[in-house]
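Remarks on the structure that follows.
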Amino acid sequence: MTLTLQLGIIVGYLLLALAIGLFAYRLTDRTAEDFYLASRTFGTIVLLFTTFATLLSAFTFFAGPNIAYAQGPEWVLVMGLMDGIIFAILWYVIGYKQWLLGQSYGYVTLGEMLGDRFGSTWLRGLVAGVSLLWLFPYVMLQQVGAGTALEALTEGAVPYAVGAGLITAFMILYVVVAGMRGIAWTDTVQGAFMLVVTWVALLWLLAVIGGPGAATSALEAEAAHHLALGSDFYTVQWMLSTAITIGFGVAMFPQVNQRFFAAGSKTVLKRSFALWPILCVLLFVPSFLIGAWARGLDVTIPEGANVLPIVLAEYTPVWFAALVIAGAMAAMMSSSDSMLLSGSSYFTRDLYRPFVDRTISERREDLLARIGVVAFATAAFAASLWNPATLFELGDAAFSGFAQLALPVMVALYWRRTTRAGITAGIVASQLFYLSSLFLGFVPATYAGWSAGLVGMGLGLVVTVGVSFVTTPAADERRAIYFERLGAD
Amino acid sequence: MRRLELVGWTAVAIVLCVFAIPWFLWGDATTVAGLPLWLWWHVGWMGLASVVFWVFTQRAWGIGIETEGRSPQSTAGTDGDRP
């Protein structure tokens, strides 16, 4: 009975997402721009929630509360700073400028925007290649998460491979059919659903245990040091390194970056920007507090298990716990579907079109993009069954990997003297440095407490600026296009 | 004038980043209404950030990005900027 109910809720939820995708299909044009960017028509609510739901993966429901349980609630501060403040500022600094450029020149991807400015197909391919290197394993991790969560929820009745396969199949269906518009609409529903379900979970838990005062007293009795700000784990360097690298990394993640192009108007960008910090804090506080308070409650968390589902299973009815798992699935799918679409667009526009077939028509590119989604999802699913250690490590480090792109891109956006050689060297040097800190034993992962990700960002900045100083621009660079006639009116 | 405004807003952005985590409460474990004081600070700070962002969208949006003299808003109060 319990199993039927749990599966019923999850499958019902998947079908709802599919129905929304099919509905969106009726409004789509058969062009690549519509498939990737919904023809740049998003309103405030849709842009806000699609970015929100895309940004927050299963991490908010599983790994985040686990960290708060093990180390204390300071995690709220790190996430608040990285997503609520740093990313919001980049929303303006990178996002608004990208949006204006997209309006003027019709760019769909980051690589396209840079390749056009620097007159270099190779730079365009490099940006796409680097992005896919980090994106693919990250998608794989989401599938691993989905498979594991379903297996745990149903106590093995749905094996890992079946769970991950089911989620992948549903995503392929609605992404291929409906593209960005379908994704954004399902994201809006998913984002709202996550918010509501997390708050209900928190209030429910507090009602059972007797309010925040009682919960905090219980935590104080069990682990008093969790209430004091800072610890051996939450050092100043660690908190800042994490917040800065992930905050900048988010802005370069293809599925988030591409949303900068998709806003319908300047007003939409402004409103979303102002609402952003509040939306973040509304989700992070309840989600991570449940994890932090769980430490003081009378529940045993087995080694390696996720805190949130266990606490909910203990204090709330079965149907509600299943709803929250559906919320976690929502978080996972709303990130993965967008990643599939962006991954496919980076591949078709920045690798296939410039290097394989320059003359491809709009209709054919649209078809190729859909085939790309199926191929990308299937390959990531196959990899998730095998889950090789190298891919796992790459996926785990994806935010810092993307963060390496941020500063060279910002220099290019705001400094006229940036040269093709400068930005290319900046991107290559920081990527090589960060990859070697992951895989080569003799390159340290921290420098006086600061992470290699952050050090790599600094390196990328210095190399981009330094090499630009000593080189002259290539003849086919269009140095003025980021600076001339920019204004939305 | 516009340049000074840009410096001002950059300073505001840095302050918003710096105090999102209340460093001056480091090691403090005071709780208020069942939550650590430093968490209340953070929640309040995020609310403040939203208000500041909203003021920015009303008064200065486009600064540092839009080309001078192109956008009606950017020249509303500073006609002297027009070439």
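The backbone N, Cα and C atoms fix where each Cβ goes, glycine too.
Since we're looking at a predicted model, the values are computed, not measured.
What TrEMBL records for A:6-25 (among others) is transmembrane segment.
Residues annotated as transmembrane segment in TrEMBL: A:37-63 (among others).
Outside the transmembrane segment (A:75-94), and at least 6 residues removed from its termini, the chain residues within Cβ reach (under 8 Å) are 55, 64, 67-68, 234, 239, 242-244, 246-248, 250-251, 257, 260, 269, 272-273, 276-277, 280-281, 284-285, 288-289, 291, 406, 409-410, 413. As annotated by TrEMBL, transmembrane segment applies to A:75-94 (among others).
Taken from TrEMBL, the feature transmembrane segment applies to A:122-140 (among others). Sequence-remote contacts of a segment are chain residues at least 6 beyond its ends whose Cβ falls under 8 Å from one of its Cβ atoms, and for the transmembrane segment (A:122-140) they are 109-112, 114-116, 252-254, 336, 339-340, 342-343, 346-347, 349-351, 354-355, 376-377, 379-381, 383-384, 387, 391-392, 394-395, 397-398, 401-402, 405, 420, 423-424, 427-428, 431.
If you look up TrEMBL, you'll see A:160-180 (among others) marked as transmembrane segment.
Residues annotated as transmembrane segment in TrEMBL: A:192-215 (among others).
The transmembrane segment annotation in TrEMBL covers A:235-253 (among others).
Sequence-distant contacts of the transmembrane segment (A:273-295) (same chain, six or more residues past either end, CB-CB distance under 8 Å): 44, 48, 52, 56, 60-61, 64-69, 72-73, 75-76, 79-80, 83-85, 87-88, 91-92, 194-195, 198-199, 201-202, 205, 209, 215-216, 218-219, 222-223, 226, 301, 307-308, 310-311. For A:273-295 (among others), the entry in TrEMBL reads transmembrane segment.
Within the same chain, residues 2, 5-6, 9-10, 13-14, 17, 53, 56-62, 142, 145-146, 149-150, 153, 167, 170-171, 186, 190, 193-194, 197-198, 200-201, 204-205, 208-209, 297, 308-309 sit at least 6 positions outside the transmembrane segment (A:315-333) and bring their C-beta atoms closer than 8 Å to a C-beta of that stretch. Look at TrEMBL and you will find A:315-333 (among others) tagged as transmembrane segment.
Residues or ranges marked as transmembrane segment in TrEMBL: A:367-386 (among others). Within its own chain, the transmembrane segment (A:367-386) has Cβ neighbours under 8 Å at 32, 35-36, 136-137, 139-141, 143-144, 147, 161, 164-165, 168, 171-172, 175-176, 340-341, 343-345, 347-348, 352, 360, counting only residues six or more beyond its boundaries.
For A:422-443 (among others), the entry in TrEMBL reads transmembrane segment.
TrEMBL lists A:449-470 (among others) with the feature transmembrane segment.
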May I ask you to check whether the transmembrane segment (A:449-470) and the transmembrane segment (A:192-215) make contact, with contact taken as at least three Cβ pairs under 8 Å and only pairs 6 or more apart in sequence counted?
no
Please check if the transmembrane segment (A:6-25) comes into contact with the transmembrane segment (A:235-253), where contact means 3 or more CB pairs closer than 8 Å and the residues in each pair are separated by 6 or more positions.
no
